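The structure appears right after this line, and notes come after that.
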Amino acid sequence: MIKVAVNGAAGRMGGRLITAIKETEGLQLTGALEHAESPMLGQDAGLTAGCGPLDVLISSDLDEVLKATDVLIDFTFPEVSLRNLEACVRHDKSIVIGSTGFTPEQRARVDEMAQNIPVVLAPNMSVGVNACFKLLKEAAQILGDGFDVEIVELHHNKKKDSPSGTAVRMGEIVADALGRDYNKSAVYHREGMCGARTPEEIGMQTVRGGDIVGEHTVYFIGMGERIEITHRAMSRDMFARGAVRAASWLAGKAPGLYDMQDILGLK
């Protein structure tokens with residue numbers, strides 16, 4: 001039995017994760033974490049998630065929770081994820097990170113600490129999105145430089161980072177396939193007399209509104225034709241299922257940094 005703890009247990013994603021763990025054979029929820037000021041501390045994590053009592057109380061004591069845990073799942077914010085990663089290194093525990101918005105410096109810190117323990121870091125745990133990643137690479141390689149690339153992503157009005165980590169990863173995959181530097185090719189804003197589009201640009205547009213779970217479309221636009229690769233998330237359950245699959249896969253792996261492409265055998 002793989003023992004799993006969830007950080008951000010009282011949040012929307014945390015509830016989905018707890019439910020998915022309960023429904024997955026071979027996994028056991030052994031810890032549920034929230035920040036020290038959370039009004040949900042001391043509550044049964046299963047009742048909070050809406051999946052019935054689990055006799056696991058929500059706590060803010062990360063070190064104590066990790067003592068009884070094999071894998072920690074963290075969908076929070078980069079600063080929190082880094083602190084939790086450091087704790088996992090201290091306790092020699094594995095971690096699945098679904099947080100997005102890491103700076104280059106923060107990402108370098110993740111890379112460094114992943115030399116000590118198994119780490120899954122993925123901007124999107126959805127199987128469908130990761131299939132799209134593979135399709136984007138193949139499409140870019142086939143189409144080459146003759147098609148302009150634009151990316152549009154939509155999310156709910158509570159999302160804090162922009163563009164989404166998934167959209168950035170899509171841009172990176174396309175740029176790599178075309179032999180470009182994503183950081184030099186990405187264009188996040190166009191306004192006024194900004195001049196004609198250059199062939200190297202990868203445009204990135206963001207929409208925020210309502211309760212959109214997540215939608216990403218990559219446009220390959222040529223002369224007289226257009227290809228669109230779109231993924232639409234209907235609920236957060238698919239992200240939770242992917243994260244739980246990652247936790248199951250990660251148990252017993254060698255130290256290193258992995259992503260969903262490793263887990264799905266797409267590399």
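Cβ atoms are placed via backbone N, Cα and C, with glycine included.
Database features (Swiss-Prot):
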- G8, A9, A10, G11, R12, M13, E34, G98, S99, T100, A122, P123, N124, M125: NAD(+) binding site (BINDING)
- H155: active site, proton donor/acceptor (ACT_SITE)
- H156, G165, T166: (S)-2,3,4,5-tetrahydrodipicolinate binding site (BINDING)
- K159: active site, proton donor (ACT_SITE)
### Task
Given the binding-site residues A10, A122, N124, T166, state which is nearest to the residue listed as 'active site, proton donor/acceptor' when distance is taken between Cα atoms.
T166
#### Entry: CB within-chain contacts under 8 A for the residue listed as 'active site, proton donor', separation at least 6
R208
### Query
Within 8 Å of the Cβ centre of H156, G165, T166, which other residues of the chain have their Cβ, at the recorded (S)-2,3,4,5-tetrahydrodipicolinate site?
T100, P123, N124, E153, H155, K159, D161, S164, A167, G214, H216
### Alpha-carbon distance [N124 (NAD(+) binding site); T166 ((S)-2,3,4,5-tetrahydrodipicolinate binding site)] in Å
6
#### Entry: Site with most surrounding Cβ atoms, counting all protein chains shown within 10 Å, from the recorded positions R12, H155, H156
H155
### Query
When you measure from the Cβ of A122 (NAD(+) binding site), how many other Cβ atoms are you left with inside 10 Å?
27
### Message
Looking at the binding-site residues listed here (A10, E34, N124), whose Cα lies nearest to that of H156 ((S)-2,3,4,5-tetrahydrodipicolinate binding site)?
### Response
N124
#### Entry: Three-class DSSP secondary structure - H155 (active site, proton donor/acceptor)
strand
### Task
Between S99 (NAD(+) binding site) and G165 ((S)-2,3,4,5-tetrahydrodipicolinate binding site), find the distance joining the two CA atoms and give it rounded to the nearest Å.
8
### Query
Are there any residues in the same chain, six or more apart in sequence, whose C-beta is under 8 angstroms from the C-beta of E34 (NAD(+) binding site), and if so which?
G8, A9, A10, M40, L41, I58, S59, S60
